[in-house]
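Asks: This is the structure I have questions about; it appears just below.
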Amino acid sequence: MRECISVHVGQAGVQMGNACWELYCLEHGIQPDGQMPSDKTIGGGDDSFTTFFSETGAGKHVPRAVFVDLEPTVIDEVRAGTYRQLFHPEQLITGKEDAANNYARGHYTIGKEIIDPVLDRIRKLADQCTGLQGFLVFHSFGGGTGSGFTSLLMERLSVDYGKKSKLEFSIYPAPQVSTAVVEPYNSILTTHTTLEHSDCAFMVDNEAIYDICRRNLDIERPTYTNLNRLISQIVSSITASLRFDGALNVDLTEFQTNLVPYPRIHFPLATYAPVISAEKAYHEQLSVSEITNACFEPANQMVKCDPRHGKYMACCLLYRGDVVPKDVNAAIAAIKTKRTIQFVDWCPTGFKVGINYQPPTAVPGGDLAKVQRAVCMLSNTTAIAEAWARLDHKFDLMYAKRAFVHWYVGEGMEEGEFSEAREDMAALEKDYEEVGIDSYEDEDEGEEY
């Protein structure tokens with residue numbers, strides 16, 4: 001089988017992990033103690049879920065996941081929570097003191113004490129796999145563990161498992177809801193370090209998710225649980241093709257092949273529809289064309305940026321539920337005619353489509369309604385450079401005054417790393433700019449005679 005190992009790093013990664021595994025269990029009919037009710041006999045029926053769960057001799061299903069945090073409180077909640085029996089206790093790894101929102105602590109001083117036990121555990125999980133496909137790494141950009149430890153881990157995973165794909169789900173620091181002043185520093189340091197190690201990174205902007213919760217679900221003051229449940233639906237849509245059989249199945253490497261035109265430009269924009277509360281869904285029937293249209297609304301994106309100002313390089317539509325290719329083709333044709341979607345001229349306007357017949361699952365007591373069909377769109381657009389520009393600007397404001405830098409230097413970093421990381425980000429912005437430039441402009445000279 002094509003197994004995937006999930007690694008959840010830091011508070012954000014662990015809490016996203018809780019939401020995701022809760023949803024996976026519901027989708028596959030696995031109980032919180034890891035048992036699958038007896039009607040699904042071992043080896044009978046659909047075994048695609050083994051990409052994410054391993055099965056013990058006793059018929060218990062254990063997630064192929066590792067939870068890591070440099071301080072124990074968040075993972076202690078998992079150890080005492082509803083799903084405490086689901087995870088192998090050794091897959092929940094905690095340190096003693098936290099990274100204090102400091103990239104240098106997560107990457108150098110404290111991270112290096114815990115990296116070996118973590119890699120050991122990952123090695124054991126990898127040994128149980130018959131054909132390991134890759135890693136899904138969940139973390140935030142802003143925290144110390146999420147930024148520092150993740151970048152350390154990605155470097156080591158590249159050494160140990162060179163050819164395996166590594167996909168990230170990263171929480172991008174939100175302008176309004178900031179948990180730390182130094183988020184821009186951490187974000188830029190971690191992006192610079194992991195840029196060459198990550199194959200594909202799905203960014204999730206907290207503010208964008210907040211707005212979706214407020215606007216579409218009528219939650220006045222969304223909590224992290226609300227945000228994570230929405231994020232888990234998106235992660236589930238992206239990974240559904242690995243866990244279920246469908247008409248058009250997509251695997252991890254296929255995403256990269258279709259979404260990443262150049263190795264550095266690997267930050268697809270995710271959009272999910274329909275996000276709708278239970279009382280609204282009761283009164284509306286959402287057709288394939290409606291949810292497909294909703295994907296092109298900037299309001300439904302996971303990162304705040306405006307694709308109408310950018311150009312698309314690639315576009316993947318992942319449908320699940322009651323969807324037939326005929327409807328999809330009609331919906332896409334309609335969008336091509338009426339939407340002003342600009343593709344870069346070196347990329348023909350292809351939409352890659354995946355369809356999974358498993359309808360989306362709603363978490364009992366959650367905010368999202370149970371719907372018949374849903375779609376997740378992954379598009380690689382030059383507009384996401386706006387997000388980097390925002391972050392770089394904040395970095396510059398602080399770094400011009402060398403504010404807070406002594407905390408990083410005190411943990412053994414050199415100031416040169418800051419400027420090096422910032423230059424790399426400037427190069428990334430430039431890359432995005434160049435990708436969007438039409439290719440025929442620079443060829444004109446050669447064609448005069």
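The backbone N, Cα and C atoms fix where each Cβ goes, and this holds for glycine too.
Annotation source Swiss-Prot lists motif 'MREC motif' at 1-4, citing similarity to another entry. Among the features that Swiss-Prot reports, GTP binding site is placed at Q11, E71, S140, G144, T145, T179, N206, N228, with the record citing similarity to another entry. Marked as N6-acetyllysine by Swiss-Prot: K40. Positions annotated as site 'Involved in polymerization' by Swiss-Prot: Y449.
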Asks: Between 0 and 100, where does the mean pLDDT of the motif 'MREC motif' (1-4) sit?
Replies: 80
Asks: Looking at the binding-site residues E71, G144, T179, N206, which one has the fewest other Cβ atoms within 10 Å of its own Cβ?
Replies: T179
Asks: Which is it, of Q11, S140, T145, N228: the one of these binding-site residues whose Cβ has the most other Cβ atoms within 10 Å?
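Replies: When each Cβ's neighbours within 10 Å are tallied, T145 leads.
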